[in-house]
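Asks: First the structure, which I've put down as structure tokens, then a few questions once you've had a look.
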């Protein structure tokens, strides 16, 4: 693994750049006279044409100037700042006067949570329930928006949980107590103890290996992959090269991993051809369906409110990632602007899962039996984000056939509501969930994950084509058959043409380059292959759905606009749905033969089951971006069949580069 000497224009901010941001902002707004907190610091992405021009002329041209985009609270106002490092100065300082607030920092959540431990009414409520203060843990929840005309100010609601015999705090909610905290004043502004509900028992909730008791299932023998010659990929700074792929990997506190400039080498044309300029998780919308007073507002936007990258966790070697994985760290800004190192947030590894890339056995040429098989190898980039109770396993998988497979796995802990019920037969009302254990209701909820995919299929000018498979009846005597299906293709001219709810009819969804054709005359393209499909079931006039209107369709296509990257808007906390992907597309701009962005939303409707208790086994879904007439023929036809992966008869050993 080598290390680059020169900074790439799309590299994440460095620790030194975070320190410079802090110094420049503090100089213009001295902390002695200013209440100043940094809510977000990230790269202010250079103009796309400047990056592409630099790439084309590299290394003879200088890269575009490095800038940071900063959201700060300065004297109780939200400032949007752009800092130019070449000038060491603030080049833009705009105060946000609209709806919504910036994402929460870890520090203000910790400070808010601590307030309850000195609040007399809260201590009295614990005493009333016979609970020990030292066993209580609390968390800050965003409050959403439910039609209020006045702005509430930056507030959170604090919910508390009980340990006392387990680390699985989420299975032991202290129900029906609500503490509202004003984050700006950092004080409790409302307290309510509505009723006493039993706290579920600790027994059977701990998930730690050391705490498990017999009987145990059968023990498997270890499996490991050995690469005696080392990995087949190279990492040069943030640039990753493997097999026929070349891409840039960076990290952002709001969205986590960003894959940029993904290009694939065409052996026939002897050149790299671009597939995707930039791809990342734009937003996660997690609305709960429980309408009780302490639950109705739980309609979370995990990226915009909490920071999907900020919640990234260090990966466990040999458990989160296999023995042949290589790890990369990242940095985020603390509330005071100083860099915080996050070790091992990415792992990169080659996967050999025993799958077959292609094969054929020919039996029609006796006496020969011709068999050709090619094992499937791929490269995986992984990050895990733990947003409170849920763990999201994010994979970007690059395949030799030219596919990019994007997968998200959901595991971790459910949000459960404490209840008086100990058996399903006792329930005679709407409880908005499943009884998983005594006094424990697993709340119904959704997960919608929206991806921003700026595809540049063999160049920036692309079109979106929807090809329907249409049944045709045979009415004459030309064939004994009575029907067949044909492909009817339609190119979207404007944004409204490209909005798609999946699941209703069979369709092929393609991004093509209308300016480039194969030798056979087909437009070169990439196909979106969706995984499992889910659409919102809330009504369009429900307030959480107004804020998350970008989930209404699974597919949207917009003309490229540098400012349109976060589907829920910049200020998602208490947003009102006036700055989302859905409002941007209402302009109905032209998208044919333009630089376009594909937005894809995948989803889960989660009806909890007892197997999700006390911790959920991973459930996964995703999508694939797959070449469609991009190559002249099968691009892996000439891949050699010998596999260098050896499977020794040994248990898992520990290794990995940092």
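Including glycine, each Cβ sits where the backbone N, Cα and C put it.
What TrEMBL says about a protein is an automatic prediction, not a curated fact.
Under the heading domain 'Copper amine oxidase N2-terminal', TrEMBL lists 8-94. The domain 'Copper amine oxidase N3-terminal' annotation in TrEMBL covers 102-199. According to TrEMBL, the feature active site, proton acceptor maps to 302. Taken from TrEMBL, the feature active site, schiff-base intermediate with substrate covers 390. What TrEMBL lists as 2',4',5'-topaquinone is 390.
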Asks: Using Cβ-Cβ distances, find the residues under 8 Å from the residue listed as 'active site, schiff-base intermediate with substrate' that belong to the same chain and are at least 6 apart in sequence, listing them in sequence order.
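Replies: The residue listed as 'active site, schiff-base intermediate with substrate' has long-range Cβ partners 286, 410, 411, 412, 413, 447.
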Asks: DSSP helix, strand and coil counts for the domain 'Copper amine oxidase N2-terminal' (8-94)?
Replies: 24 helix, 30 strand, 33 coil
Asks: In sequence order, which residues at least six apart in the same chain have a CB under 8 Å from the CB of the residue listed as 'active site, proton acceptor'?
Replies: 283, 284, 285, 286, 308, 311, 385, 387
Asks: Of the residues in the domain 'Copper amine oxidase N3-terminal' (102-199), how many are helix, strand and coil by DSSP?
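Replies: Reading the DSSP string over the domain 'Copper amine oxidase N3-terminal' (102-199) gives 29 helix, 29 strand, 40 coil.
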Asks: Mind looking up the mean pLDDT for the domain 'Copper amine oxidase N3-terminal' (102-199) in the predicted model?
Replies: 97
